[in-house]
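Each remark here refers to the structure printed beneath this line.
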Amino acid sequence: MSKQIEFNETARRAMEAGVDKLADAVKVTLGPRGRHVVLAKSWGGPTVTNDGVTIAREIDLEDPFENLGAQLVKSVATKTNDVAGDGTTTATVLAQALVKAGLRNVAAGANPIALGAGIAKAADAVSEALLASATPVKDAKSIGQVATVSSRDELVGELVGEAMTKVGTDGVVTVEESSTLNTELEVTEGVGFDKGFISAYFVTDFDSQEAVLEDALVLLHREKISSLPDLLPLLEKVAEAGKPLLIVAEDVEGEALSTLVVNAIRKTLKAVAVKAPFFGDRRKAFLDDLAVVTGGQVVNPDVGLVLREVGLEVLGTARRVVVDKDSTVIVDGGGTQDAIEGRKGQLRAEIEVSDSDWDREKLEERLAKLAGGVAVIKVGAATETDLKKRKEAVEDAVAAAKAAVEEGIVIGGGAALVHAGSALDSLRSELKGDELLGVEVFASALSSPLYWIATNAGLDGAVVVNKVSELPAGQGFNAATLEYGDLIGDGVIDPVKVTRSAVVNAASVARMVLTTETAVVEKPAEAEDDGHGHGHGHHHH
């Protein structure tokens, strides 16, 4: 396929146009008075959403050079979403402002590399300042406030706050679809750990990129599983039982893995393979915990249990298993209450006698996993479209709440960024030339999220930004009430992790665009003589 190349200014201009198109589509959703965007899907009904990353994912531009810019900004949104689960619109708006101001300076002769370095230094300084100014979050009420801001729904906020307090900060909160119209919270016995599926082919729900197994069997295996003849006899028995299978082992590889994958693709046997978490003795101990929770046995040749000889009797069970790329949650395992209580007692006794802090901490983590259970938020709605949107909102809210517990919160509404600008003063005195210019570019971009929150609320963005920059540190503009004041008191707060990710990711993408000298794209395949192409219509008949 032949390529098409653009250089310097032309390349950067086209990329900027793409950045603008994507950011303009997303930024109308910013803030409590943000609007919705309707996405027409190639199949199924249209989706209505106000979630930045969902909109960004749908956008592909016709002009290949503009599309490069759009895809770069899309990566800002997705990165921020992966780390913090929220803040994608803020990140997109920041990136747009940085690209705009940065390109103006490059066009005027600034050195893009130095400019980019200045932007990066400024981003780090602001990120540090945000972290330093964060307030820790502990109680259900403030966790609930974070979730309310994220989902724009007080009921959801309360449920998430309650869920997080019930299962503890290490506990697992999952989101399911409810069969009724109500959204409610259920706390069940369950256990989660930080290992996801070994292969993406195991995904069963493509929207959420998760593998969901209902009423599943669970195989726990101490060592690696690689040979197919070892696994096959058991697989055949599981297939006869007609139930999905979760495999937790040191690793699953080779023929064994490819057979599972082929079965998953053909849908002949629903199975998901996951690596057991931790190493060495901790891994052994955790597998034993899982055996207690699921009511199964760990298959281990050392105790005479050999994979190719065992039957269904060694398998545990679970009402539901949800696996994504980073984590596995087992809900309602088949282990008896007595066995689980016995195991907890044993762990507590070990904690008592342990003389090493590290061991004690790890034992306490295991106990928390066993005792914590899993909070399931069941989301209900009247229509399919509504359900999708609500479920997405609840998932974002849970992610935001977790981020808040991890690193604390800062004031929301774009105000924290405006106030964090003061952290750039020390850089201003030590940098010079185009690096200093980069810091100024960054300083000017910091107010862009607040500008759009105010604009979406129907006010003059510049006036609001000006006013907020004169307020003391904890104060800002509340776009829901259209008043200025103490935002933490009003519950207008963001997890600092979200705000920091937005700052860092926006800066890294802006640097990429600014330092682009050449853009190479596939030449679009064209119908004969329709006069498109990058020259934009040469045929003036």
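The chain as shown is numbered from 1 upward.
Using N, Cα and C of the backbone, Cβ positions are placed for all residues, glycine too.
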Listed co-binder of ATP (same site as Thr29, Leu30, Gly31, Pro32, Asp86, Gly87, Thr88, Thr89, Thr90, Gly413, Asn478, Ala479, Ala480, source Swiss-Prot) among Asp20, Asp425, Asp494: Asp494
Secondary-structure category, per DSSP, in which Asn478 (ATP binding site) falls: strand
Cα-Cα distance maximum in Å, computed over every pair in Thr29, Leu30, Gly31, Pro32, Asp86, Gly87, Thr88, Thr89, Thr90, Gly413, Asn478, Ala479, Ala480, Asp494 that the record assigns to ATP: 20
Assigned conformation of Thr88 (ATP binding site) - DSSP reduced to three states: helix
Residue, out of the binding-site residues Thr90, Asn478, whose Cβ gathers the largest set of other Cβ atoms within 10 Å: Thr90
Other C-beta atoms that fall within 10 angstroms of the C-beta of Gly31 (ATP binding site): 26
Residue, out of the binding-site residues Thr29, Thr88, whose Cβ gathers the largest set of other Cβ atoms within 10 Å: Thr88
For Ala480 (ATP binding site), nearby residues of its own chain (Cβ under 8 Å, 6 or more apart in sequence): Pro32, Arg33, Val492
